[in-house]
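K.L.:
When I checked Swiss-Prot for this same protein, it listed these features:
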- 1-25: compositional bias 'Polar residues' (COMPBIAS)
- 33-44: compositional bias 'Polar residues' (COMPBIAS)
- 1-51: region 'Disordered' (REGION)
- 70-100: region 'Putative zinc finger 1' (REGION)
- 108-138: region 'Putative zinc finger 2' (REGION)
Amino acid sequence: MSQLPLASQATTTDLVSTTAMQPQSEGIVDESLQPQHPPSSTAHDSPCLQDSVPLVPPPPSPYLNKEVGQMVCGSCRILLAYFRGAGYVHCTCCQTMNYVLEAHEVGKVHCGHCATLLMYPFGAPAVKCSLCLFVTEIGERNVRRRLSIEQPTRTNSSGLAEA
């Protein structure tokens, strides 16, 4: 088996230069040096499939157009900012994981001593003011009513209550 001259041997592993390289000696023809996939005559006649596919914009980033909420850390009382919809907020000062309450889970009452507006989770019996440390009892007027009590009962024409 004859060897190719050094000038015709590939010195790089580039696929394009390897397939396009032709031997310099006239009598040697190597089939492995030919292009692997010649262009098809039907490839130019068929329409491009990408043109027929409707382009859909990528979904927005989960952090764009998000509302930012604020809460006070339950341990060190520092103000924390978080994206709305988060279940927990991590305080970087004291490493506490704070549970985030939604608006419908929070009650509001004024402090019985300094009249500061206080927020508390529904069901709490009392709230301690962070300014004057006074404990305000959550009375019956501040307890969230049940849904069945909030909805008035309707009566039909025969005098029976409807659900």
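A Cβ is built for glycine as well, from the same backbone N, Cα and C atoms used for every other residue.
How about a rundown of where these features are and what they're close to?
P.N.:
The helix, strand and coil residue counts that DSSP assigns across the region 'Putative zinc finger 2' (108-138) are 0 helix, 14 strand, 17 coil.
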K.L.:
Reported in the order helix, strand, coil, what are the DSSP residue counts of the region 'Putative zinc finger 1' (70-100)?
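P.N.:
Going by DSSP assignments, the region 'Putative zinc finger 1' (70-100) contains 0 helix, 14 strand, 17 coil.
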K.L.:
Mean pLDDT, the region 'Putative zinc finger 2' (108-138)?
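P.N.:
Looking only at the region 'Putative zinc finger 2' (108-138), pLDDT averages out to 92.
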